[in-house]
Every structure is written in structure tokens, then in C-alpha cells.
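Engineer: Annotations for this protein, taken from TrEMBL, read as follows:
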| type | residues | note |
| --- | --- | --- |
| TRANSMEM | 12-28 | transmembrane segment |
| TRANSMEM | 49-71 | transmembrane segment |
| TRANSMEM | 148-168 | transmembrane segment |
| TRANSMEM | 180-197 | transmembrane segment |
| TRANSMEM | 226-243 | transmembrane segment |
| TRANSMEM | 263-283 | transmembrane segment |
Amino acid sequence: MTHLSDYSYVDRGIGVLIFFFWAMNHVYTVDRFYCFHPTKLRKRDPKTLCTVLIFASMIFLIIYDILGMYIKYSMGFWYDASKEQCVTTPKTRYPAAFIPVLITTDFFFNLAWGTKGSAMFLIQLTWHHVSKQYAAKTDFLSSREIQVFKLVSVISIVMYPLLQFAFVPGTLLSTITPQFVSNAQLLVASVLSWYTSKRFSKLKEGLPVNSRGSQKLTHYIQKNRLLGVYLFMEGFFLFVINLDYFTTKYTMHSKFLLDLLTRILNFGFVMVYPTALELLFPLDVIRGEGGTMIYTKAQNESMLGGKTNDDQSTKLEGNNIRSIKVRMMPEIVE
């Protein structure tokens, strides 16, 4: 539990907590939480399911980091009189009462990884709707791709919480094995994000430069590239740290290298959440043709006092008709 950098749990826990509140505000601003409507859940809408999984992952991770901090700063260190210094407490020296806490802590981390990994594959299904809406392409994903993404999403949720119990609870393998599986899954998800940005780039080539569809695809291209970078940072650097357990432990013996790898890992881990939510819920404040601003429905309602653009345009049309009547038949209107 304490093999990572000094601020591993504090650093990541605070970052995820901040972005959790940011995420609540962002989704409310763009969508008014309509994505959580029961009808959307009953229809198993990919965007809704992906959003629920992302929020669940953040909650599980916050719980894990709180438990990790409790264990780390209460039992994680012991004073070695022979070396006259504080060292990391091996799991073999933990009191028996702490073993269930360790198992519970690992379980929450696996839940966080399972829901996050599931969301990163489920998010691929939303690009089918994006390509259809902004590029009129109805075959962006093949039926086989859709089925594979769905299957991997389900396996991810079920596998991680159970994988740790395939080994003796509280042992090194019960902790490391799910992490190695997660490394592979995150690296595959990062490749998918980069590949998606490439496919969107090809779609964009067939659209007018200043069109709304072109600008929207630019947003998805840039954010998918970023998401791929953050997923790679999380998956690759966690793999390097975990691999050190089965080597000469060069990383563990270098304080600077351990701090550096952990900081990069935590940054990628945290930034995946806001980047994915910005892909699912873009603010849509972009420049349209002629410099006009285009807003989301939620933003329109906020600016127009609960009325959408359609409601406002209807009101304006009514005023225009009335003004025409006044000019043509003043005696009747008056």
C-alpha cells in the first residue's frame, strides 16, 4: 500500500475530488442532468451509461484514496532501529485486523478501474451518433465493432472486482494482477482514441471548412487525441511501476524516479475524467458561419429564461406579424 510516492493518494484523491464537483457542474450546465433521466437509463443509451460509469469510477476512486491514506499514515511506516530510519511496513507485519481493510481497499480500486475501463470502451459507441449527426455517415462503426465494445464493457465491470479473489486475499498478486490487466486495457483504449481521431479527420476532409459539422469534428479530434495521451500516461507508467515488482526493483530504489513516474501516472489518471466528459458533453460555444454563436439547448434555456431558441423565434415571429397588422390595418388592431 505504501510503495508509491509520498503524495500518491493525497495527490490523486484531491485531484479526482475537484474534478468530481467540476463534472457535476459541467454536465448540469450542458445537459441539465437529462442524461440521468430514467427513460435514458431504460433505453441503455450509450452516452448515459458511459456518464454513469465515469461518475461511479470517480466515487470508487475517492473512497479508495481515503482508505489508502488511512492505511498509509496509520500503519504504512515503521521505525527500523538498525537503520535508524522510517521504512515502508511490509504487508507481513500488518496486524491481522488490517487485512480485511486491505482487501476492501483493493476491491474499491478494482471497482474504479472496472467502471472506468468499461466507460472507455462504451464511449466508442457514441462516435457512431456523432458521425451521423455532423457528417451524415451512418456506417462509422460496423456491427461487429459495436458488439465487441459492448462485450468488453460488460467483461470489464465483472472481471476486476472478482480477479483479486483468484489469488490469496491481501497478497501481492491479488493487488498487482488486476493492475496488469488494467494496463493492457488502458493502452488498447488509448490506441482506440487515437484511431478515432484519425477517422474523424478523414470525415472532416469531406465537409466545408467553416461548417458547423467541421468545427464539431475538430473538437472531437482534438479531445480524442488528448484522451489517448492521458490513457497512455496512466496505463504505461503504471505498468512500469508494477513491472518493478518482478525485476531488480530499480524504480523502488530511486526516490526521484518513483516520484516522477507516480506524478505522471496520477496526472493521466485524473485528467481522463474531465476529458471524457468534455467529449460526451461539449459546451458547443463555437463560431458559426458569419461569426454567429452556437449554443447548447441548456445554454439557450439559461440565457432566454427557460425558453429555447425555438420558443424565442416563435415569439419574435408573433411580434413581427402583429407589427405588420398594425401597419396594414391600424383601425382594426387598435
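Cβ coordinates come from backbone N, Cα and C, glycine included.
Automatic, uncurated: that is what TrEMBL annotation is.
As the structure is a computational prediction, the values presented were derived from the model and not from experiment.
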Engineer: Any residues 6+ beyond the ends of the transmembrane segment (180-197) with a Cβ under 8 Å from its own?
Structural biologist: 113, 117, 120-121, 124, 127, 152, 156, 159-160, 163, 220-222, 224-225, 227-229, 231-232, 234-236, 238-239, 242
Engineer: So, do the transmembrane segment (263-283) and the transmembrane segment (148-168) meet, by the test of 3 or more Cβ pairs under 8 Å (sequence gap 6 or more)?
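Structural biologist: The answer is no, given that the two segments have fewer than 3 Cβ pairs within the 8 Å cut-off.
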